[in-house]
Amino acid sequence: MATHILFLGLVALTCSLAIAFEPSPLQDFCVADTGSSARVNGLTCKDPKLAQADDFFFSGLHVTGNTSNPVGSKVTPVTAAQIAGLNTLGISMVRLDYAPWGINPPHTHPRATEILTVLEGSLHVGFVTSNPDNRLITKVLQKGDVFVIPVGLVHFQRNVGYGNAVAIAALSSQNPGVITIANAVFGSNPPISAEVLAKAFQVDKSVVDWVQSKF
C-alpha cells in the first residue's frame, strides 16, 4: 500500500513539473542586458521600460562580405549578439558571401535548423544524414531557390558559378552555434592526438601532422 501511494505521489509530482514548464517567452520581449554578469541559459533581460528601437535593429546586411580568405566565403551573423532584442525569441539569420568557387566548409549548427535562400549566383549545397547511413543529400541551387538543412547535420555550400554568390539563411535559434568540422578536428586546442586521428581517418600519422599544421 505504501509503495502504491509513493508511486502515485511521484506521478503527481512529475505531472505538476511538466505542466509548470513553459518553453515559450512569458513576456513580450527580453532585450539582452549585455552588461550583466549573471550566467543563464541565454542572456539576462534588461528592464523592458528601457527598451529602444535600436535594441531590435541591425544595419549591415547590404554590405558585401570580404571573401579574401582560404575558403573564399564570409558569414555575416545577425544573432542575439548583434540584436539584443532577439534574446529568447529563438530565431537568427546570416548573410553569406562566396567568391567564385568559394565554399562554406562542412559544419554543423548544434542548436538550429537552417533555411537558406540564394539571392545571387549558383550554389551547390548539401547535408549528410547521421550514422549509419551517412547519406549525402545535395542539390545545385539558382537565384531564388530555397534549401533546408535539418538541425545538427553536417552541411556545406559551394559557389559553382563564375561570379560572386550571395545567400541569406534563417536559423531556428537566437544562438545556433557553429562547429566547423575541419577546424574542430584538426585545429582543436589542445590538439587531438595525431595517433587518434590517424586511426580514425585510416591514414599515416605524417598526413595528420601535415593537416594539423594548416590550422
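Here the Cβ of each residue, glycine as well, is placed from N, Cα and C on the backbone.
Per TrEMBL, the residue from Cys15, Cys45 that shares a disulphide bond with Cys30 is Cys45.
Considering only the binding-site residues His107, His109, His155, the Cβ with the fewest other Cβ atoms within 10 Å is that of His107. For Glu114 (oxalate binding site), the count of additional Cβ atoms within 10 Å of its Cβ stands at 22 [all protein chains shown]. The Mn(2+) site is set by His107, His109, Glu114, His155; from the centre of their CB atoms, other residues of the chain with a CB within 8 Å are Thr108, Ala112, Phe127, Ile149, Leu153, Val154, Pro176, Val178.
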